[in-house]
Amino acid sequence: MRQHRIVLLPGDGIGPEITAVAKLLLDALGHQHGFKLNFEQHPIGGVAIDASGSPLPASTLEACQASDAVLLAAIGSPRFDALPREQRPETGLLSLRAGLKLFANLRPVTILPALIDASSLKANVIKGVDLMVVRELTGGIYFGQPKGRIEADGDERAFNTMTYSRTEVDRIAKVAFELARDRSGKLCSVDKANVLDVSQLWRDRVDALAANYGDVELSHMYVDNAAMQLVRNPRQFDVLLTGNLFGDILSDEAAMLTGSIGMLPSASLGSEGPGLFEPVHGSAPDIAGQDLANPMAMVLCAAMMLRIGLKENDAARALEGSVERVLAAGFRTGDLMSEGCTQLGCAEMGEQLLQAL
């Protein structure tokens, strides 16, 4: 029997509730599809600060590094807002990404038929949308040097540096090309090569790598046009590749095509070692412990983990199918409620998903 070592990081807020749902379904899928998941649970974020004083204990990082995949629920609590930034729960996530050497962030955006009316865009615009934003996570203007604020000539000036190396562009582009090859074979690289030198290097390297992927149709688009096209005609896209700053903005824009942040998973990958799979939503401390959380994003993270991290494609498809069937049957958590639907709590939604498997 195939065995996989999984680290669960429930974290803060609603994290434990949605983690319990994901684990329930993953255990069932293992029995159905002939594999066993060996789970370890470790603290991160606010709960880790409470227990050990650190948002990422060394034991948590070591367990993650030794795993096959990491499933993280949520990090953050207003209780820690008064702490210096480097001591807050969120720094645990940044340290985890660094410790796992993750550089590629994947954000899928899929419009499910049962939720098409949840979007603020017209149904005829978003029907059939199924795209993936691939964002470079560790370079670009967020990390470039020099940066800072200075006083000079009686004025104050602030500056940041947008920089990418050939190596950084090549490794993220390879991730996007491979994803496009496994999907519809279409890749759109987003840059600002008409203005920025760094984008000209980006485009040159993506073009150079395209020679190795003759089965992938490559196009380029300036970021301002891409932002417009995501709203005007999102169906034209399959895989979108872009840098850290542009990807930060475009992935949030694309996410809102769905109409609910409670349905959005993500993955962060490195060249080797385990991937990190986490919902886009936060820890929602205002509803924590009340059985009100929507577990769907966490469940879809589990599906991404099965497909990308563990290569258990049949189980991933089964889990995604259960989500579609439960929504089609009219079951909703409070954040997705609409007329004629049946409202469920987090645990009840988990039971419905289990039955739908």
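Cβ atoms are placed via backbone N, Cα and C, with glycine included.
In the record from Swiss-Prot, residues Arg97, Arg107, Asp224 bind substrate; the candidate from Arg135, Arg149, Arg183 listed for the same site is Arg135.
The maximum pairwise C-alpha distance among Gly282, Ser283, Ala284, Pro285, Asp286, Ile287, Ala288, Gly289, Gln290, Asp291, Leu292, Ala293, Asn294, the residues recorded as binding NAD(+), is 16 Å. Geometry remark: Tyr142 (site 'Important for catalysis') versus Asp224 (substrate binding site), CA distance 19 Å. In this structure the C-alpha atoms belonging to Ala284 (NAD(+) binding site) and Asp224 (substrate binding site) are separated by 32 Å.
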